[in-house]
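Database features, via TrEMBL:
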ACT_SITE  A:Asp66  active site, proton acceptor
BINDING   A:His62, A:His64, A:His142, A:Asp212  Zn(2+) 1 binding site
BINDING   A:Asp66, A:His67, A:Asp212, A:His270  Zn(2+) 2 binding site
Number of protein chains: 2
Amino acid sequence: MKFEVTILGSSSATPIFNRNPTAQVVNVNDKLYLIDCAEGTQQQMLRFDIKASRIDHIFISHLHGDHYLGLVGLLSSMHLNGRKKVMKIFGPAPLKEIIEIQLKYSETTLNYPLEYIFTNAAQKELIFENQDMCVESIPLDHRISCTGFLIKQKKRLRKLIKERIEELQIPVPYYSAIKKGHDYTSADGTVYKNDTLTTSPADPKSYAYVSDTKYNESYFKQIGKASLLYHEATFMHDMLDRANQTHHTTALQAANVALATGADKLVIGHFSARYKTLIELLEEAQSIFPKTELAIEGRTFVISE
Amino acid sequence: MKFEVTILGSSSATPIFNRNPTAQVVNVNDKLYLIDCAEGTQQQMLRFDIKASRIDHIFISHLHGDHYLGLVGLLSSMHLNGRKKVMKIFGPAPLKEIIEIQLKYSETTLNYPLEYIFTNAAQKELIFENQDMCVESIPLDHRISCTGFLIKQKKRLRKLIKERIEELQIPVPYYSAIKKGHDYTSADGTVYKNDTLTTSPADPKSYAYVSDTKYNESYFKQIGKASLLYHEATFMHDMLDRANQTHHTTALQAANVALATGADKLVIGHFSARYKTLIELLEEAQSIFPKTELAIEGRTFVISE
């Protein structure tokens, strides 16, 4: 099942030329989920050919402008482009007030409904679930209420061994039960154990999105062992004091989170505008966690195919 | 005196690839004034090397998102980049509420003051004046309260004829009065007429910014004969019904405004995303007003040097 993340923005608070602030699109089984929506996100979607009409769920980590200022523009463009489907918005409660006041003064009545699901930065919560995956909000340690998001694939059905099924001439109506792990009893009473008829599906994968936060072990257990960990890395470690003061993370600390939680792979982003090149940040993280990559705009990270 | 306009965005409601929504920078005597500030304006300023720190005045025509959604991001970046100087914001009164609610929830206290000057869409008003120029707000005919802006150079002092001044050995303290048009009486009582000592300065130039509006003769007299007229031209004239319905203008109508008001030159912008190329809009306007150009991002129109 397709599970991948495309980076739309990788800059922290202020944009720099060719680096937009934070936004990402997660594709799970060909459904698109937008995570954070900084100023310029709709322009980035045009640039990377991501169809806004395919997005039905938007997750906002917190209310610093570099994570949500593109939202009203995106919602307005969807309206002008004829959207009718409900849009679900997950984020801090005041987001509703911020959106509504702007719709009010522009005298805009969207021709599609918005449904708000407010996040709680005090505890981990299951905020969304469908047949493919579930999303949990993860409390982070930032200057204002902020959550990360943990997206976990659902455990998939077992896979039928086609040759064996055909050989035994098992009728189709039994397939569903066998995929769920049941044994099969044939007409003559012979019992065929499930593990002779099926193979295990791939382990469910997970994507942990750790937005703005100070390095704090409190969230390590909550994100668990991620197949892909995105972690902010605003500064190099020589600016640790500044990172602590502004409740951000250094590249070395981000790598430490990956190491401590057993992530398969790390992507770092949210780079301070002071870094004109990013190789130093990458090398610092790779010095202790080699499987690190940079969140470069337009780059897609495949978690499962 | 330098007087020029640089286009930062030329798209209407929704951006399209490589066309951002509306924003412009006006340079008057090396001071920068921002007119409208759509989403992505700060990124466009980076792209075209326009220093945000040089802007002390921002004019917002109306509260449709494609004219102001970049404002909070720009103000936040100025804050993070250490701005201390007051920023004057001219626009509809609710803009204050929209900005303040977003600063409140991001728990941001700007380290520079904002000063609001509310525009009145009911009548023409002088809203700003300094030694170089003045700005008047012009009521337009849009779906919500909307004003254009008329920027007029101040009448300049007369220019001394250097050779004549030296020949007559006129003392320096008299220069100021002579530049203002006074005659000069020498020690022996001879009166030298001002027009033998000075030449006329260039006529003051004006820039009329006609943001979103339906074609309506009500504003013709108020913008007067502009040296440069920027007029929205959202549609081609074959979409006149749609233009009327949405309170926008066609390219042909924009050219008619230029013709009727006696503008020296016309720039059309605010193009609908339906037009992938702009040559048709240009040709339609040029068919009746040849001195028309397109508002292309990054392009600068010189009004005086």
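Note that Cβ sites are derived from N, Cα and C of the backbone, with glycine treated the same way.
Note: A:His142 (Zn(2+) 1 binding site) has non-local neighbours A:His62, A:Ser211, A:Asp212, A:Thr213, A:Lys214, A:His247, i.e. same-chain residues 6+ apart with C-beta under 8 A of its own C-beta. Those residues of the chain, other than A:Asp66, A:His67, A:Asp212, A:His270, with a C-beta within 8 angstroms of the mean position of the Zn(2+) 2 site C-beta atoms are A:Ser12, A:Ala13, A:Pro21, A:Thr22, A:Asp36, A:Ala38, A:Ser61, A:His62, A:His64, A:Ser211, A:Glu232.
Taking 8 Å as the upper bound (exclusive) on CB-CB distance to chain B, the binding-site residues A:His64, A:His67, A:His142, A:Asp212, A:His270 give A:His64 in sequence order. Taking the centroid of the Cβ atoms of A:His62, A:His64, A:His142, A:Asp212 as the Zn(2+) 1 site, the other same-chain residues with Cβ within 8 Å of it are A:Ser61, A:Leu63, A:His67, A:Leu140, A:Arg143, A:Ile144, A:Cys146, A:Ser211, A:Thr213, A:His247. Taking the Cβ of A:His270 (Zn(2+) 2 binding site) as centre and 10 Å as the limit, one finds 28 other Cβ atoms among all the protein chains shown.
Comparing the residue listed as 'active site, proton acceptor' with A:His270 (Zn(2+) 2 binding site), their Cα atoms are 10 Å apart once rounded. DSSP assigns A:Asp212 (Zn(2+) 1 binding site) to coil in the three-state reduction, outside any helix or strand.
For the pair A:His270 (Zn(2+) 2 binding site) and A:His64 (Zn(2+) 1 binding site), the Cα-Cα distance reads 13 Å. In this view, A:His62 (Zn(2+) 1 binding site) is surrounded by 26 other Cβ atoms within 10 Å of its Cβ, with every protein chain counted. The local packing around A:Asp66 (active site, proton acceptor), expressed as other Cβ atoms within 10 Å of its Cβ over all shown chains, amounts to 27. Sequence-distant neighbours of A:His67 (Zn(2+) 2 binding site) (same chain, 6+ apart, CB under 8 A from its CB) are A:Pro21, A:Thr22, A:Asp36, A:Cys37, A:Ala38, A:Ile60, A:Ser61, A:Ser211, A:Asp212. Taking a C-beta cut-off of under 8 Å and a sequence gap of six or more, A:His64 (Zn(2+) 1 binding site) has these contacts in its own chain: A:Ala13, A:Ile144, A:Asp212.
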